[in-house]
Number of protein chains: 2
Amino acid sequence: MNTTVGVIGGGQLARMMIPAAVNLGIELRVLAEGEGMSAGLAAVQVGDYRDRDVVLAFAESVDVITFDHEHVPQEILRELVSRGVAVHPGPDALLYAQDKLLMRQRLTELGLPVPDWARVETAAELGEFLAGHGGRAVVKTARGGYDGKGVRLVSHEHEADDWFAALAEDGNAGALLVEELVDFRRELAQLVARRPSGQIAVWPVVETVQKGGVCAEVIAPAPGSEGRLEQLAADIAVRVAEGVGVTGMLAVELFETSDGRLLVNELAMRPHNSGHWTIEGSTTSQFEQHLRAVLDLPLGATDARDPWTVMVNIIGGPGVGALSERFPAAFAAHPSVKVHTYGKAPRPGRKVGHVTAGGSDLDDVVYQTRATAAIFQD
Amino acid sequence: MNTTVGVIGGGQLARMMIPAAVNLGIELRVLAEGEGMSAGLAAVQVGDYRDRDVVLAFAESVDVITFDHEHVPQEILRELVSRGVAVHPGPDALLYAQDKLLMRQRLTELGLPVPDWARVETAAELGEFLAGHGGRAVVKTARGGYDGKGVRLVSHEHEADDWFAALAEDGNAGALLVEELVDFRRELAQLVARRPSGQIAVWPVVETVQKGGVCAEVIAPAPGSEGRLEQLAADIAVRVAEGVGVTGMLAVELFETSDGRLLVNELAMRPHNSGHWTIEGSTTSQFEQHLRAVLDLPLGATDARDPWTVMVNIIGGPGVGALSERFPAAFAAHPSVKVHTYGKAPRPGRKVGHVTAGGSDLDDVVYQTRATAAIFQD
């Protein structure tokens with residue numbers, strides 16, 4: 001039984017794998033981008049994940065390679081696989097988390113519901129798409145976007161000229177992804193885990209509330225999702241996981257349209273912010289499940305432990321020093337709320353922690369979590 | 001806000017503080033007895049806790065000192081305090097966890113219910129106690145006992161002669177503790193946490209099942225304890241915590257007598273095996289609460305998350321190799337049971353892990369946990 005998991009990337013997702021690893025008794029090694037990263041409490045080696053030799057040497061010390069982010073270059077991932085290293089998720093799957101154009105193309109091939117989209121290489125092509133979609137659209141860079149970066153709402157064909165120019169300068173025969181502006185009621189996220197041998201586990205679908213392109217809150221389960229919506233979301237996510245061959249955690253971000261359809265927005269092939277509620281809120285957290293899945297161990301139960309669980313992110317603001325300065329006030333006022341901080345210096349807009357609470361009264365749980373997060377943000 | 005906690009001792013109790021520390025964002029440093037200890041995933045320094053210079057140097061790097069065990073010598077603890085180091089629990093309290101004779105004396109002074117006891121220095125004195133208590137009694141060494149070691153059931157005054165001889169050889173003007181053999185229905189344990197500033201948090205009283213002097217199972221709450229028993233147990237533990245001045249976690253092991261009284265058996269001033277169920281079973285685990293308490297932070301809510309939570313220890317047996325070899329069978333059969341292993345090599349009688357499950361059907365929860373633990377023990 002191989003139980004040393006190597007995580008490439010030392011951010012908060014790797015950090016939150018540590019408690020799960022300690023509890024089970026699984027050894028975790030982290031290849032971090034720098035000193036003092038969030039996951040610094042695990043056995044950490046510092047090195048550049050874009051450096052082939054660094055990654056190959058790191059892989060020698062572990063039984064399976066997984067990730068805190070999706071940025072490891074395909075050629076390095078493929079060399080690992082060709083050398084017999086277990087890599088989960090593998091390069092064939094990760095490709096679709098790395099490149100949004102390929103993702104849209106693959107999901108369309110699989111017959112999954114997605115917004116109208118097109119690959120555009122020129123302002124003229126963008127203009128053509130705008131003309132066919134009411135004059136407004138969302139333009140995305142195929143690679144490198146996250147938390148609202150690389151995403152732009154446009155209403156004129158020349159509003160992406162800088163991105164076209166940057167793609168041209170790269171000597172990259174690149175293109176942008178343009179998508180219809182979906183008239184959505186709300187955003188949902190569906191988490192699933194999949195083992196290499198095929199077993200899949202599905203959590204309840206959740207509602208995610210974004211502010212400024214960044215996830216602010218998650219409500220589990222999504223209010224009113226019982227029945228049709230939860231079935232539909234689970235079905236879509238399972239089809240994505242199997243169709244793309246994901247191993248480990250998969251988060252499928254969804255739009256619920258005002259006419260009741262679900263459309264796939266984004267994919268993440270790793271533990272995801274929309275699943276932090278599972279640490280306390282589900283019998284098996286997404287972090288424990290990710291470790292089980294990448295080690296091809298039987299998956300744990302994914303039921304919710306409370307009727308409602310709410311997670312609110314702590315976003316760094318200008319006036320916030322060390323988050324621990326706020327522990328006395330937060331703990332005294334909210335003894336039932338679980339506080340997580342990531343060991344990151346607060347900066348405006350940066351996710352530096354989150355809080356979670358559960359209970360049977362959704363209004364109260366929302367109040368408790370928002371009030372606690374506010375103590376760390378004012 | 002000081003948030004670096006130094007733990008003296010690198011066993012599983014220190015190990016289980018790691019997830020709580022990672023989640024909150026508290027830095028943990030461990031002074032371990034050797035390489036490869038259970039808590040090896042934290043920032044570990046290896047050194048002898050009986051060496052004054054080692055402990056003083058370790059204390060320099062942290063904001064507060066706490067413990068995985070109660071064995072640090074009093075003179076070192078007192079030097080730390082005299083140098084202004086925050087030590088929780090402090091030497092005045094720890095004394096009563098280190099010396100069972102002093103503990104019995106103090107609890108008697110406080111008017112707390114304890115078994116009949118005496119300090120005996122000779123076989124004749126032991127014989128006198130036996131004569132007054134139906135010819136049978138329990139003899140305990142004042143120091144160094146745990147998990148059934150240093151405890152002996154005797155029915156003749158010469159059955160502790162070897163211990164008297166050892167005390168004499170030590171040049172120690174020592175004595176043994178002798179206690180009446182309590183006619184108990186069952187054993188209970190009451191966990192409380194206390195901050196230096198006085199706040200106390202109380203968990204539901206639990207039933208503990210011992211096998212061969214070692215804790216085998218814990219049922220939370222103790223069946224039938226609702227009402228009188230839970231009040232009585234909580235009251236006793238709060239009086240102990242305040243009377244002895246404990247800071248951090250306190251576990252009070254209790255006998256429930258066949259005539260419905262509660263008597264204090266043993267004290268532990270640290271997270272305790274009887275509280276492992278709180279990791280999943282309570283809103284705040286004993287490990288998180290211990291960190292909050294020793295940092296003098298407001299304590300978390302201690303309610304149980306399920307009607308019943310059961311914890312069963314994994315005890316090493318002769319045929320068991322690496323525990324992880326049993327993960328596939330255990331995880332496949334029991335997806336709702338949480339498995340904890342401590343990174344210790346299994347040896348007969350050694351606690352190497354535990355499993356926990358919760359639910360509303362006690363019989364089912366007992367079955368699930370026992371069956372899971374058995375997979376790691378056969």
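For all residues, glycine too, the Cβ spot is worked out from N, Cα and C.
Together with B:Lys140, B:Glu179, B:Glu180, B:Leu181, B:Val182, B:Glu187, B:Asn265, B:Glu266, TrEMBL lists one candidate of B:Lys100, B:Lys211, B:Lys338 for binding ATP, that being B:Lys100. Binding residues for ATP (B:Lys100, B:Lys140, B:Glu179, B:Glu180, B:Leu181, B:Val182, B:Glu187, B:Asn265, B:Glu266) extend across at most 18 Å, taking the greatest CA-CA distance. Averaged across the domain 'ATP-grasp' (B:104-295), pLDDT in this predicted model comes to 94. For B:Leu181 (ATP binding site), other Cβ atoms within 10 Å of its Cβ number 16.
In three-state terms derived from DSSP, B:Glu266 (ATP binding site) belongs to an extended strand segment. In the three-state DSSP scheme, B:Leu181 (ATP binding site) falls into the coil class.
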